[in-house]
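Shown next, in structure tokens, is the structure this report addresses.
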């Protein structure tokens, strides 16, 4: 018991709440319903043969059949209305489609149970080297295909079983029913609602296994290249003629560098005390030879007058 408790304590039961594990639980349950409703079926139908000679009539002929529907082995005794009886065999062998359907359901049940146990108790082994998800994906794809084939085959087989066990069709094949004075009637049709349910469960299993392919596919990591974020927009490069480009601040004679604020060759010069020959307002400046330099006083306007 201690081993069991340790195993349960180490299990990751939260996986059952996730889509991967929850769908496996549904697959396990629906697989049980599929093979149970088909493999456990047994049915019957009844008909009557009333002869012209009432003493030879059989007013209640009961015919039973069951899974796996080898109807060619099923027979019943029908009166000949001539003082004897004949064995009448049903037509058809539909065991192949029925057994194939049940086999797929049983193996799907076993695989779902094993996969669910692996998710819960062997999660680390399952994800080791990514082999577990890949094998799980391949097995899920195979079972999805097998559900498609088996459900389709069994749906066709069930339709044939219904035709072969319909009392009206059987009466048409009985020679005694075509003799003058004899009357054949169907008393009870076989109940096939359980078989119809098995076909429904078969296609529901198909939907579950196909839908589960996506969740298992995400576990493989194969979807990673398709789920990457789109690349960002490239940065806009400055145009060659921008104000802050190559000829920008402090990088060339035409920019906004501090060394060229007023230019080295012209403009205002802050040194008022330069000797003759300097720039600005000296004797050689823009205002002629009598500037505001230190070598002469300003000319009086009264003397010039």
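Using N, Cα and C of the backbone, Cβ positions are placed for all residues, glycine too.
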(request) From the ranges 46-67, 68-89, 134-155, pick the one that TrEMBL records as transmembrane segment. (result) 134-155
(message) If you look at how TrEMBL annotates this chain, which of 199-217, 218-236, 237-255 comes out as transmembrane segment?
(response) 199-217
(request) State the residues, same chain only, that lie 6 or more residues beyond the ends of the transmembrane segment (199-217) and have a CB under 8 A from a CB inside it; answer 'none' if no residue qualifies. (result) 19-20, 23-24, 26-27, 30-31, 33-34, 37, 101, 105, 108, 133, 136-137, 140-141, 143-144, 147-148, 150-151, 154-155, 158, 223
(message) Can you work out which residues elsewhere in the same chain, 6+ from the ends of the transmembrane segment (100-122), have a Cβ less than 8 Å from its Cβ atoms?
(response) 7, 10-13, 15-16, 20-21, 24-25, 27-28, 31-32, 34-35, 38-39, 67-68, 132, 136, 139, 143, 146-147, 149-151, 153-154, 198, 202, 205, 209
(request) Find the average pLDDT over the domain 'MARVEL' (15-221) in the predicted model and report it. (result) 93
